[in-house]
Amino acid sequence: MATKLQDGNTPCLAATPSEPRPTVLVFDSGVGGLSVYDEIRHLLPDLHYIYAFDNVAFPYGEKSEAFIVERVVAIVTAVQERYPLALAVVACNTASTVSLPALREKFDFPVVGVVPAIKPAARLTANGIVGLLATRGTVKRSYTHELIARFANECQIEMLGSAEMVELAEAKLHGEDVSLDALKRILRPWLRMKEPPDTVVLGCTHFPLLQEELLQVLPEGTRLVDSGAAIARRTAWLLEHEAPDAKSADANIAFCMAMTPEAEQLLPVLQRYGFETLEKLAVLG
């Protein structure tokens, strides 16, 4: 069946119906959350997946906390009204650090967040120097510093905040080449260190999409650590033990907040990830 772009007022034409499966929402401001979704799908292939990305307010890294909380709650509410959810994953470090309490208070299904994988990185490092590569918002937030104090207080933590890397990851998914020179410029503070980090935390869900390019630029032997696999395991446990019985037989679907030409260009990418349709989601507020 041909895949169609859908407007928010147009009924979605589902693919051939299947057995009802638990409905899981994966949400991000952009397409970086696809890296987390891919880990979850690898572990749990037989779920009904919804991917929602906020291409109206992207990127979140420079937005205020109050704006992010209100926006994320509104989007998850809009999805829940269309498809009752068994579980939601906020696959955005910036949104997770500020919006999880509000989401968990409002909804009765489990909500999983993404936090920088500082704890495993502190265990893996051999030279005691850990790099945290994230958005500027994540680097600045007190939550991140609390994680470091709790799990990596014996390590030297070198933090780099970059909005440009988010844009590079988005461009890669649109089919553009990633400039290694741009990555070298972003990573210059580490590359100039006499002893750079031997373990780097990818503290934004966009950054695993750049793993291949990062390994070409960082010193040989550098370990890259992200939280995708841990999120997948947590999702599996919650679905088994705490999630409500919210299922759908529909095909996987992706939602954007505005049907722009750039969003339409993502359709082939979303298809490769298993999403049958891309539809504009009507969000109040």
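Cβ coordinates come from backbone N, Cα and C, glycine included.
The feature substrate binding site is assigned by Swiss-Prot to Asp28, Ser29, Tyr60, Gly61, Asn93, Thr94, Thr205, His206. Here Swiss-Prot flags Cys92, Cys204 as active site, proton donor/acceptor, drawing on sequence analysis.
Known features from Swiss-Prot, placed on the structure.
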{"residue": "Asp28", "record": "substrate binding site", "Cβ within 10 Å": "29"}
{"residue": "Ser29", "record": "substrate binding site", "Cβ within 10 Å": "30"}
{"residue": "Tyr60", "record": "substrate binding site", "Cβ within 10 Å": "26"}
{"residue": "Gly61", "record": "substrate binding site", "Cβ within 10 Å": "24"}
{"residue": "Cys92", "record": "active site, proton donor/acceptor", "Cβ within 10 Å": "32"}
{"residue": "Asn93", "record": "substrate binding site", "Cβ within 10 Å": "29"}
{"residue": "Thr94", "record": "substrate binding site", "Cβ within 10 Å": "29"}
{"residue": "Cys204", "record": "active site, proton donor/acceptor", "Cβ within 10 Å": "33"}
{"residue": "Thr205", "record": "substrate binding site", "Cβ within 10 Å": "33"}
{"residue": "His206", "record": "substrate binding site", "Cβ within 10 Å": "31"}
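The CA atom of Asn93 (substrate binding site) is located 6 Å away from the CA atom of Cys204 (active site, proton donor/acceptor). Looking at Ser29 (substrate binding site) and Cys92 (active site, proton donor/acceptor), their Cα atoms lie 7 Å from each other. For the substrate site, whose binding residues are given in the record as Asp28, Ser29, Tyr60, Gly61, Asn93, Thr94, Thr205, His206, the maximum C-alpha distance rounds to 12 Å. DSSP assigns Asp28 (substrate binding site) to a strand. Mapped onto three states, the DSSP output places His206 (substrate binding site) in coil.
Straight-line distance linking the Cα atoms of Tyr60 (substrate binding site) and Cys92 (active site, proton donor/acceptor), rounded to a whole number, equals 9 Å. Here the C-alpha separation of Asp28 (substrate binding site) and Cys204 (active site, proton donor/acceptor) works out to 10 Å. If you measure from the Cα atom of Cys92 (active site, proton donor/acceptor) to that of Gly61 (substrate binding site), you get 10 Å.
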